[in-house]
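Trainee: Mind having a look at this structure? Questions to follow.
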Amino acid sequence: MASTAKILVTNDDGIHSPGLRLLYEAVKELGRVYVLAPETPKSASGLGITLHKPLRIGKVKIWGDTMVYITNGTPSDVIYIAIEEFSPRFDVVVSGVNIGDNTSIQVILSSGTIGAAAQAALLGIPGIAFSADIDEASQLEEDRETWENMKRVIRAITSWVLEHGMPEGVDLISVNFPRKVRKDTKVKIAPAARIKFLQKVSVLYDPRGRKYYWLYGTLVEPEPGSDVYVVHVEKAIAITPLSLNVNVKEGEWAAVVENIKPMIQAAESALRAQTSATVSTA
């Protein structure tokens, strides 16, 4: 499978991110690799797609003589454009390596890196998102041992998915690396924590006295065993299997239906009351 596999490489940090190069180097020998990434950073774009302007792609040579493609769209746009331009079917989409980890449901839902993998998964294509607990791109480039070890892990995980597919019940996989990856770094499966940050808002004023807002967050104490804990406290690699099924858990459905009946009745009563009022007025 590997030699004939079609692999799409993308990210949300933009075409010039060293994380994209690392990802390409890790998977380039596993099949036919296509690189299409946003021309500028699109962090925190989630599953967002572009509907208000034309999307375009272009070619550029980087990393020596490697031809890659750029777009003015989002990471999720990349999936649809790549299917249209390169292949109607990819065997896997790999996204990253993101500068900054994408741990916790709070972050997962806004991540453009995971958004690309999730968009692929929605179309039935295995998606894997890779992220690293670093603050600056230079940290990735300067630590060559971490760089090479991350490549080994990425290649192994991608190769496994190409050979075996996603495990049953799993739509995509999020992989988060600690700041340093050594040969004795542990690899653990970890569920996503609910939140990572306590979200805050700063209220400020520009030189003309107009109010503006700046969003930021402070880290909360991570729950042991969660992806945040594994990466930040244990300094291990966290593998988090994810499902796109956002429905209430099947076993809890009957109880939820029973508990929500009063709300449904209230909604129906509101409709009937409106109808009665309309009839009376007429």
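Using N, Cα and C of the backbone, Cβ positions are placed for all residues, glycine too.
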Trainee: Have a look through S43, S76, S87, S110 and flag the one Swiss-Prot assigns to the divalent metal cation site that D12, D13, N98 belong to.
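Mentor: Looking at S43, S76, S87, S110, the one Swiss-Prot places in the divalent metal cation site next to D12, D13, N98 is S43.
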Trainee: So around the divalent metal cation site, D12, D13, S43, N98 aside, which residues have their CB within 8 A of the centroid of those CB atoms?
Mentor: N11, G14, S17, G19, P41, K42, P75, G96, I99, G100, S111, G112, T113
Trainee: Whose Cβ, among the binding-site residues S43, N98, has more other Cβ atoms within 10 Å than any of the rest?
Mentor: N98
Trainee: May I ask which residues of the same chain, at least 6 positions away in sequence, place their Cβ under 8 angstroms from the Cβ of D12 (divalent metal cation binding site)?
Mentor: P38, P41, K42, S43, A44, S45, T74, P75, S95, N98, S111, G112, T113, G115, A116
Trainee: What residues, ordered by sequence, lie under 8 A Cβ-to-Cβ from D13 (divalent metal cation binding site) and sit at least six positions away in the same chain?
Mentor: G19, L20, P41, K42, S43, N98, I99, T113, A137
